[in-house]
């Protein structure tokens, strides 16, 4: 079977966002591969020098927010478009390796071999990044903040869809998709979304 390739991947924007910080909190909802639209908007924000000081993401929004926080224009879209037919990312190989439909080990780790994430930008203490996951014991949302938890585990918990993913354990507690309990965390953003 011939490998399917997105023909215009080289035309996607590339670049690095500035270090300027914009006050406020950006809320990113989930939506699986509809997150590509979010990623396009995030790229446009970075190109317009809008780098929000706080980002909170749910499910696919948490995954998209990672590239925005790293300031890497086009990275998230490149990863999704380049790998959407790769079963290590979505499919049977992902299920074998991760027990769910999404290959989090692939998308949060192995893709760094080809398109590395800017770890220095992620560590910038001037910016907050929060992911939302649903605690499977309580049914309530948990808000995980970078620097206080394993970020990859928090993103995996936030984006692990019920029925097609196994629960993700963070600090001994079972979690699934944050969209089950707080699909658009605007209340958190209004109350807590400041430095």
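Positions of Cβ are set from backbone N, Cα and C atoms, glycine also.
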Ranges in play 52-56, 57-61, 62-66, with TrEMBL marking motif 'GXSXG' at 57-61
Just to verify a number: CA distance, residue 177 (active site, proton acceptor) to residue 59 (active site, nucleophile), in angstrom, no decimals.
6
According to DSSP, does residue 177 (active site, proton acceptor) fall in a helix, a strand, or coil?
strand
